[in-house]
Each structure stands twice: as structure tokens, then as C-alpha cells.
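Annotated DNA-binding region per Swiss-Prot: 68-127, in sequence order.
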Amino acid sequence: MMTVDPIQDLRNICLQILQSVNSNTLLEEETWDYNTLINNIDLPKQTREALRRSASQYLLYCQRKNKTYTTRKPLPAKAKLQLVETFSKKRYLTRCEKHQLAVQCGITTNQVQIWFANRRKRSKDLNNRD
């Protein structure tokens, strides 16, 4: 049975494993550090290492599952017009030009770079289709 707390879930899984292997009272105590928990289990070293890797992956999975993502925000209309106008004049920008355009548009230089790369790809695809 899985709960909301991944550490508690891991503890329950370890308890189930130990019940099938041998009895160990360590897990019945309130131990929240899974490394300490696994180190004190009376199992072969390889089994402990595999359990540690699994526990680590499980905790990462739980953290990713509960992560909130920010939604993508479209470029401002003013920025898009400026980018299109600049692209019609010049398809490749220098680092300095990217920075100046980003400041003018109120976006990051990375957004300018990606926008230009995407626009070049779209232009190439449209030309190849014709």
C-alpha cells in the first residue's frame, strides 16, 4: 500500500522485504534516513546496494511526479513583430546583435537565438516542400 510520503513507502517496502528474509527490529523504529536504514539491514552487500539504488530512484521519481511546471508564455506581439522584421533583413545574428534585439524586445538572448533557429528551420522546410 503506497502513501503520500515516499520515505514511509520505502520503509514499508523494506519491512516487507525483511519479513520474507529474516526479522529485524531496526525498521520498526522511526528511521527516516533511507541510507542508514539500508546500511543496517542484514543482507548481502550486493543486495543492499541494489536496494539503495532502487530507493534513490524511487525517491527521485516521487519528487519529479510532484513537481509543478510553469506554463509556456507566448512572446509579446511587439517582440514577435521585431523578430520577424529583423529576420527578413538578416537570418543570422552576431552575439551582440542578439543581445541588442533581446533588450529591444524585452526577452532573453536565449529566446532570440531559439526563435531564429526555429524560424530558419521553418523556412527551410517550406522551401523543401515546394
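Backbone N, Cα and C atoms are what each Cβ position is placed from, and that goes for glycine too.
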Return the average pLDDT for the DNA-binding region (68-127) as a whole number. 92
For the DNA-binding region (68-127), how many residues does DSSP put in helix, in strand and in coil? 43 helix, 0 strand, 17 coil
